[in-house]
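A.B. asks: Dropping the structure in here first, questions after.
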Amino acid sequence: MAPAHVLRCCQRVLGWIPVLFITLVVCWSYYAYVLELCIYTIRSDTEKVIYLVFFHIFFILFVWSYWKTIFSCPANPSKEFCLSKSDKELYEKEERQEYQQEILRRAAKDLPIYTTTATNAIRYCERCQLIKPDRCHHCSTCDVCVLKMDHHCPWVNNCVGFSNYKFFLLFLMYSLLYCLFIAGTVLQYFIRFWTLCRSKSEESCPQNELPDTRAKFHVLFLFFVSAMFFISILSLFSYHCWLVGKNRSTIEAFRAPSFRTGPEKDGFSLGFGKNFCQVFGDEKKYWLLPIYSSLGDGCSFPTRLVLGDPEQNVSAIHSDSSKNAVPSQQFPARPLSESQNRLLGSDSQWADSGDDHTQRGMWGGDSWNKGGL
C-alpha cells in the first residue's frame, strides 16, 4: 500500500509541471509585451494605451478561464448511483457474472440510465463501486468517475467534463485571441528589429528603425512563441467547436454511443442551437464569461431518438422491446428535468438506449482514460 500511495503522490506532483510551464510562459509574455514592447519600445503614447487596454482584456479573460478549468473539481455521480450496502455485499460475494448483472439491474431500475455496455450489460465501475450514469466514464489519472467526461488534459492537470467543459472551451478561445493579438501587434516591430540601428541612441537611428537594445530578444521571441501557440491551439479549438455542434465528447467521437437500435453517433444531438445551449446555457450574458451556466445535472441527457407523441412512443418502445430485447434489459422512461425541457421543448422525449466501451486515447496534447476497473 505504501509504495502505491507514494507513486500516486509523485504522479500528482509531476502533473503540475505542464501547468507550471504554461504559467511561466504567460508571465514572461506579460513582461515582454507590457514592459519591453509597450513601455520601452513603442514611442507613441496613443498606441501604447490602445495596446495595453486590449492586451489586459484578453489577458484577464485568458487567465480567468484557465484558472477555472484547472480548479473546477470534476463533477462526480451522486449517491443515488452507489449501490446500497446490502447490494454491494451481494455483488462482491457473487462470482457468476449473470447474477451480478441481475443485482445491478435491480439497483438501476429507478435510475435515469439509458446506456449499457457493448454486451447490453449495466455499466458499473468496480473502482468507484457505482453504477455509471450516461456519458460518465472513469478517469484512471484522477481515479474517479467523471460526469460527461471528455478527456483528461495534462495542460490543466484536470479532467475536462461536465463541470468545466465550458471553461475549457473559453480557455482555448481566449488563448487564440491572446496569441493572435500579440502576434498581430508585435509583427511590425518584429520586422523593424531585423533592420536594427546598431547605435544605442534612439536619436541617431532612422525613423523606421529601432535601437539595438535588450527588447530585441523579447520582441523577436514574443512573435515566434505567440504564432507557434496560435497554430497549435487553432486545430484543437476547431475540433472542440465541431464536437459542441454535434453534442459529442471526445470519447464519443472515437466510439459512437450504442442505443437500443444500435450505435448512433448523433444520438445526443438536438441541433446546433440546443447543443450549444447545453454547454453554454440559455443566458447570453454569460456565454463569453468563465461563469458556470451549463444546462442539466450531468447525470441524464435528452436524446433525439424518440420523436412525436409521448404515449405512442412509449407503446412503440415496449412493443419493439418485447420482440428484439431481453425483458430484463428494459430501462424506465423517466421525465426530463426543467433544464432539459428547455432544451427539447416538445421535440423529443427520452428513449431507452445502451452503450459503453472502455478505451484510452489521445487527441493532440490531451489524453483521456475511462472505463470501470
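Glycine is treated like the rest: Cβ placed from N, Cα and C.
Just lifted these from TrEMBL, have a look:
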type	residues	note
TRANSMEM	16-42	transmembrane segment
TRANSMEM	49-67	transmembrane segment
DOMAIN	120-254	domain 'Palmitoyltransferase DHHC'
TRANSMEM	167-191	transmembrane segment
TRANSMEM	219-239	transmembrane segment
COMPBIAS	318-351	compositional bias 'Polar residues'
REGION	318-373	region 'Disordered'
A.B. asks: Take the transmembrane segment (167-191) and find every residue of the same chain, 6 or more past its ends, with a Cβ under 8 Å from one of its Cβ atoms.
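C.D. replies: Apart from its flanks, the transmembrane segment (167-191) reaches 29, 33, 37, 41-42, 51, 54-55, 58-59, 61-62, 65-66, 68-69, 72, 150, 153, 156, 160, 210, 219-220, 222-223, 226-227, 229-230, 233-234, 236-237, 240-241, 244, 279, 288-290, 292.
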A.B. asks: Going along the chain, which residues at least six beyond the ends of the transmembrane segment (49-67) come within the CB cut-off of under 8 Å?
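C.D. replies: Hits for the transmembrane segment (49-67): 22, 26, 30, 33-34, 37-38, 42, 156, 167, 170-171, 173-175, 177-178, 181-182, 185, 288, 290.
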A.B. asks: On the DSSP side of things, how many residues of the domain 'Palmitoyltransferase DHHC' (120-254) fall into helix, strand and coil, could you say?
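C.D. replies: Once the DSSP states are binned, the domain 'Palmitoyltransferase DHHC' (120-254) shows 68 helix, 18 strand, 49 coil.
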